[in-house]
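Copied over from Swiss-Prot, here are the features:
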- 21-34: compositional bias 'Low complexity' (COMPBIAS)
- Ser23: phosphoserine (MOD_RES)
- 1-34: region 'Disordered' (REGION)
- 1-45: topological domain 'Cytoplasmic' (TOPO_DOM)
- 67-71: topological domain 'Extracellular' (TOPO_DOM)
- 93-111: topological domain 'Cytoplasmic' (TOPO_DOM)
- 133-148: topological domain 'Extracellular' (TOPO_DOM)
- 170-187: topological domain 'Cytoplasmic' (TOPO_DOM)
- 209-233: topological domain 'Extracellular' (TOPO_DOM)
- 255-291: topological domain 'Cytoplasmic' (TOPO_DOM)
- 313-335: topological domain 'Extracellular' (TOPO_DOM)
- 357-365: topological domain 'Cytoplasmic' (TOPO_DOM)
- 387-402: topological domain 'Extracellular' (TOPO_DOM)
- 424-443: topological domain 'Cytoplasmic' (TOPO_DOM)
- 465-477: topological domain 'Extracellular' (TOPO_DOM)
- 499-510: topological domain 'Cytoplasmic' (TOPO_DOM)
- 46-66: transmembrane segment (TRANSMEM)
- 72-92: transmembrane segment (TRANSMEM)
- 112-132: transmembrane segment (TRANSMEM)
- 149-169: transmembrane segment (TRANSMEM)
- 188-208: transmembrane segment (TRANSMEM)
- 234-254: transmembrane segment (TRANSMEM)
- 292-312: transmembrane segment (TRANSMEM)
- 336-356: transmembrane segment (TRANSMEM)
- 366-386: transmembrane segment (TRANSMEM)
- 403-423: transmembrane segment (TRANSMEM)
- 444-464: transmembrane segment (TRANSMEM)
- 478-498: transmembrane segment (TRANSMEM)
Amino acid sequence: MATSDQDRRHRVTRNRPPIARPSTSSSRPVVSPPRSKVSKRVLLRVASVACGIQFGWALQLSLLTPYVQELGIPHAWASVIWLCGPLSGLFVQPLVGHSSDRCTSKYGRRRPFIVAGAVAISISVMVIGHAADIGWAFGDREGKIKPRAIVAFVLGFWILDVANNMTQGPCRALLADLTENDNRRTRVANGYFSLFMAVGNVLGYATGSYNGWYKIFTFTKTVACNVECANLKSAFYIDVVFIAITTILSVSAAHEVPLASLASEAHGQTSGTDEAFLSEIFGTFRYFPGNVWIILLVTALTWIGWFPFILFDTDWMGREIYGGEPNIGTSYSAGVSMGALGLMLNSVFLGITSVLMEKLCRKWGAGFVWGISNILMAICFLGMIITSFVASHLGYIGHEQPPASIVFAAVLIFTILGIPLAITYSVPYALISIRIESLGLGQGLSLGVLNLAIVIPQVIVSVGSGPWDQLFGGGNSPALAVGAATGFIGGIVAILALPRTRIQKPIPLP
């Protein structure tokens, strides 16, 4: 970071009154023992778990909103199923971050949480994949609504959201620990994380777009589980293997130094943990410097923009481009598969952008890059609205397949959105890790603070997007319009309010 930025942060720290903290020893920031700089290869292996996490997340994003509608939940309420994601992020992510900052396990602070999260992910996707079979075993039969299968699905879905938050946060915190507040190394590590997210997305969306898994895993098709269900189940079997491989690669690469359980700090530690946690995460807000609040504001606006797309991307393709409905004909499932293909191409662009991230931020400044990416996101959402409008007036819906030009436009928009998505997955985490270090927070808790700016908007979108869309006659365009507006505003704020610092070319990493 440039000298002027360092001086600014030091002045804020010097003029700020001391942060009031509980008297318990657990509230004191955890300081890791000094270590030598880790190599890029180690950072790469540690970040690899993001590939396994994102593989399952890609399946979740591309297939589960359509699938839950096939189980009988109306489109207007499908977004409510996703409510657990932001709710678990609101509570689980900060709690896990706080706990991992103070974990005294002999295996390290972060790795136990990564492994536990990976196990929970594996269990949850098995429950989701077998939801129809579980529902059948407990009395579901043929019908439009399968209530017992829905209960099993929602249970597995919510466990999956909790597990994703339990795994991803400690992994990012571990990368921050290993880079030891080196600005460039932090950006590089987050770039690696985004790169592996892109690889996981490509593989996950490719898996979700293939309709022949039930022919390979023939046992997955049952009396309760049709072809679409069997393909989903098969994809999750692959996910379990993939998450196991990447978790082993990640945790075996990081050599964490366990925290010493000092007898002098033992007194009162267990009794004051919750109080200290709440005090740290909320009590420090008023001491944040202005640029931290700008980062949190832009993050919130960005995610109000992204979440409607994340919820309904393949559903938008199936309904508004292919003109289908769940459980009626083949148009909807064909649209979902094409949407998954578009998301796979999206992930290719995400990966390319992740590789170029460091150079872009060094040349133009992280705030400027973030702002431009948000404006690009808003333009793409506007393009989706225009494409839906044109498709609805061509007269093919309900009679024939969409014209190639409409499909091409939709897939192109999905693809281009990979560029701003890569920025969203990387730049805010790097900025927040660097800028609030002076507050004395551990990396796990600092990322939990940023997570609040992500999940609160997601709660709002999850609750409001379905009724909001119905207010304007259904479809996904109203929520996308809100996303375009907030994304554009966030981009302007980032460009104008975040320092456009150009970083000098650094010495190559070892």
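Yeah, the Cβs are placed from backbone N, Cα and C, and that goes for glycine too.
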Using Cβ atoms and a strict cutoff of less than 8 Å, what residues sit near the topological domain 'Extracellular' (209-233) while being 6 or more residues removed from its termini? 59, 62-63, 67, 70, 128-130, 132-133, 135-136, 140, 149, 333, 337-338, 340-341, 344
For the transmembrane segment (366-386), which partner among 46-66, 72-92, 112-132, 292-312, 336-356 gives the most CB pairs under 8 Å? 292-312
Report yes or no: does the transmembrane segment (46-66) come within contact of the transmembrane segment (403-423), defined as 3 or more CB pairs under 8 Å with a sequence separation of 6 or more? no
With pairs restricted to those 6 or more apart in sequence, evaluate whether the transmembrane segment (234-254) and the transmembrane segment (112-132) have 3+ C-beta pairs under 8 Å. yes
Are there residues at least six beyond either end of the transmembrane segment (72-92) with Cβ under 8 Å to its Cβ atoms? List them, or say none. 64-65, 143-147, 150, 154, 157-158, 161-162, 164-166, 311-312, 315, 319, 451-452, 454-459, 461-463, 465-467, 469-470, 474
Residue numbers, six or more beyond the limits of the transmembrane segment (403-423), whose CB comes under 8 Å of its CB atoms: 194, 198, 306, 309, 313, 317, 321, 338-339, 341-343, 345-354, 357, 369-370, 373-374, 376-377, 380, 383-384, 387, 390-391, 394, 396
Okay, the transmembrane segment (292-312) and the transmembrane segment (478-498): do they have at least three CB pairs under 8 Å, pairs separated by 6 or more? yes
Other same-chain positions with a Cβ less than 8 Å from the transmembrane segment (188-208) and lying at least 6 residues past its termini are 40, 43-44, 46-59, 62-63, 171-172, 175-176, 178-179, 235, 238-239, 242, 337, 340-341, 343-344, 346-348, 350-351, 353-355, 357-358, 418, 422, 425-427, 429-430, 433, 509
Mean predicted confidence [pLDDT] for the topological domain 'Extracellular' (387-402): 84
